[in-house]
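Engineer: Reproduced below are the annotations present in TrEMBL:
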- C:100-331: domain 'ABC transmembrane type-1' (DOMAIN)
- C:9-31: transmembrane segment (TRANSMEM)
- C:106-127: transmembrane segment (TRANSMEM)
- C:139-163: transmembrane segment (TRANSMEM)
- C:209-227: transmembrane segment (TRANSMEM)
- C:254-275: transmembrane segment (TRANSMEM)
- C:287-304: transmembrane segment (TRANSMEM)
- C:310-330: transmembrane segment (TRANSMEM)
Amino acid sequence: MRSDALAFIVRRNVITTVAAVLIVLLVVIAIVGPALVPYDPLATSATEVLMPPSARHWFGTDGLGRDIFSRVIVAARLDIAIAVSAVALSAVVGVSIGAVSGYVGGALDRVLSRVVDVMMAFPLFVAAMALVAVFGNSVKSIVLATAIINLPFYFRLIRAEIMARRSIGYVEAAVITGNSATNVIFRFLVPNSLPPVIVQVSLNLGWAILNASGLAFIGLGVAPPTPEWGIMIQEGAALMLSGEWWVVVFPGLALVLSVFCFSLLGDGIRDVIDPRRRS
Amino acid sequence: MASEPAMPQPAAPQRSTPQRSTPLLAIEQLTVGFETATGTVHALDDVSFAIGRGECVALVGESGSGKSITGLAVMRLLGRRALVQAGRIVFDGADLLTLSEKAMQATRGKRVAMIFQNAKASLNPIKTVGDILVDILRSHHHGLSRAAARARIVALLDRIGINEPAERLRAYPSELSGGMCQRIMIAAAFACEPDLIIADEPTSALDVTTQQLVMDLLMTLCRERGVAAIFITHDLALASEYCDRAVVLHAGQVLEQGPVSEVLTSPRHPYTRMLLDSLPYGKDDIGQLKAMGGGLPDLRRNDLPCCRFAERCPQVEPACRGLPLPERRFGPTHIVRCQHPLEPSLAAAPRASAARAM
Amino acid sequence: MRHKGLRILLARIATTIPILFGVVVVTFALIRSLPGDPAVYYASGPGAGPAEIEAVRRQLGLDRSLVEQFWRYLVELGSGRFGNSLQTGQPVLADFAQRLPATLELAILAFAMGVGTAIPLGILAAVKRDGWIDQLCRVLSSTAAAMPGFFFGLILIYFFYFLAGVAPEPIGRLPGWALPPPVVTGFMTIDCLLAGDVELFWAALGKMILPAASMAIFAIAPLLRMMRGGMIDALDSDYVTASRAFGLSRTRVLLGYALPNALLPVLATMGMVLSTMIGANIMIEKLFAWPGIGAYAINALIGLDYAPVQAFVLIVAVLFVLMTLAIDLISSAVDPRYGQG
């Protein structure tokens, strides 16, 4: 049954499969990459400053003589860890609150919905900035901020699903046979409402990477000399004016490629789960 | 009840027999395919039938049999994936398929009008009904002012018995009922005084009482004004009640055509027989009611049998798969395309319209 | 009909009020939870001594109850006092007033570039479905969706400034040699024209092209996808077929029937696009050293200068809520079914 479904997905969409394979590769790089890189990503070298890409330094070196290839690989771990933990946190908390709110209804639901409306009133990046300001300038803050600004999407998504399903037969049967509310919500309703959440998660991951690197680019969250794609681009920005393109281009390409794969995978999963909205 | 099947007998005796020599519309050997990602859909295969002036022809068959595609083909609105592989559509002496786009555009609405199943969805949701009708009228009467067009439409709606027409015209389609939208579409169709109206399941989306109202309106207008009609439906009772002739389509092939009094009373094609047997009208008990056997074949297949009904037919034999459909005449206009037409069996044939009155 | 429209209008505005109130509560909470002492950033400047800060603390009522503090905060906002910036030593509102035109000028051009690219391409892609334009659009929107504007901006700088040399130095609003025209509107291009300096107008416009294009890339993907999808839905709709069947010309049906309907989903995503554009604005202003409110706010945040930060968050959120309201009102004016489920 499960392998059938997998075969169906693969047959259906070659691009999605390629994206999925690339993502697996990316995750493997994030896990084992730091142990395999040829140079210490933090090691500076006064003699090898701003070397263009060569056999010795595949992606060249930056203004402090650090090996860009090593830094790009090591940065994958940080960027993906930020994105995954932020989206996971957001999805778990958002789904839980949204499910309870949608099921219980009444005053609780009204209050929570209002709160979410207010959260949505802040442009995402501005809200992230403000939250980083409150939590302090650290990686942990970026994760928290990214998670919080995404909560409303999961809340609304699951709430709508739950409200639509609350009066369906199998749910009413579960209630009548004496299941507790917690049981009904988390054992009957939530599992059946998960497909759109999965779509949202997969589309969200790429966005979270963009968001984190954007914050790092403007100087929030990650501090130099930590290798991170956004901050590497920021460090190389001025060098673009004098033509040392490799400092920016390689971390930039890593960023674009990983976001690209996540969004392709997201689109593919949506196509499989919700064929009506096929793009 | 018992009518002579061999005699061509118009359902509406007050009307003259259509002149078969110069039909208003003649579809000749029309073959249409659609290109899709999974292959070519052979939607229409060698479809031929004709309509005289003022005549009303029912196009019947299951969903997916190519009824709507035939209608859209006449309008030349099949879309960009469609490919007319063969045939002609001769309207008033000219082949519509070779007409310039400009001339075709002048034909649509003005000479051949079409109304659709879902009237509400056929009206632009963000315009008022009045604006839509004015647009239609003015696209055929250049120089007609908006106010004059509006006045004409109000008068027309009033004449066909729609209350407070001016009020209706200010409404958006979403604010009107499906039946009201369809009556307005009918008004729009007649506003340009066409010679032919193609009505594609005009009442299928409506409830039964409204259905009657809308059909009566449509057919009264057709008869009064001598407008010919192609009435596309899967409802044999409606077809026999309102139409002169019936054309039975199956999987893109015309299998039987002729006066409704013959085709829907004593069918000569096993498929027509099967359609009638699946109807509840005139059956004494449920045992007489038969479900349709099988389904339409997948029209993407390249190995479709010559008779596409062969795979469902109780009387099938090798010739059906391999030989082109023969054309057998059982009267001036009663044509059956079958290797082994049925013998007339008067007793067993219930008349759908008679049953309906019960 | 008209009075119904008015009722909808009032209802929409009414739902906005609690949200605006919530926004104010959140920014109030933001000030209380920011590290540091609010009295410091409401004081006159970095030179303020402990006595002055103590005076400000009392003046701000930071020793009172939270409710009373909130009330005072509202009064302060009502009288336009957002505190002073530590870095510029000026009232925040004055700093904003000075920088907002630069932001708006850039944002408007960027928005125009984004819409001007995405809308026609989306329409073409839908009309010529699966044609080469459609394929190109698919590649473009997928790439744009994955492309952070700050990276795109740097690529543009490399090609057009460093390699081709056609773009001006990507810093600020005017070339280094130029004296700015007298400030009338704050929009550099307009001020140049008002001063009668056409050459400077072109220079100012030239400075805007790269940052505006970098900002526009954020808007292109969602707009292009929505436009294409909306147009395809509209072209496949019954009312388009029916209108054609009634003899309306292809152009008339395309522009008068399909397009307005296809723009509705585009309008509906506009809120999301605006939100993204505001974020893009901050990053791009930072990258191009553009003297607007985005760069100002981020510099304040990095410099732990919180009065501008909270003012920025508040003002931008209020603007965003109002823009969302405007989108809502336009949608309900155009679409009679809007908001009825």
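Backbone N, Cα and C atoms are what each Cβ position is placed from, and that goes for glycine too.
Computed from a predicted structure; not experimentally measured.
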Engineer: Can you say which of C:106-127, C:254-275, C:287-304 has the most Cβ pairs under 8 Å with the transmembrane segment (C:139-163)?
Structural biologist: C:287-304
Engineer: Do any residues, 6 or more residues outside the transmembrane segment (C:209-227), come within under 8 Å Cβ-to-Cβ of it, and if so which ones?
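Structural biologist: Counting only partners 6 or more residues beyond its ends, the transmembrane segment (C:209-227) has Cβ contacts under 8 Å with 106-107, 109-111, 113-115, 117-119, 121-123, 125-126, 137, 140-142, 144-145, 147, 149-150, 152-153, 156-157, 160-161, 167, 170, 262-263, 265-266, 268-269, 272-273, 276-277, 279-281, 284-285, 287-288, 290.
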Engineer: How about the transmembrane segment (C:9-31) and the transmembrane segment (C:310-330): at least 3 CB pairs under 8 Å, pairs 6 or more apart in sequence, or not?
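Structural biologist: Judged by the Cβ rule, the two regions touch, with the required three close pairs present.
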Engineer: Looking only at residues six or more beyond either end of the transmembrane segment (C:254-275), which have a C-beta under 8 A from one in the stretch?
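Structural biologist: Answer is 114, 119, 122-123, 126-127, 219, 222-223, 226-227, 229-231, 233-235, 237, 239-240, 243, 248, 320, 323-324, 327, 330-331, 334-335.
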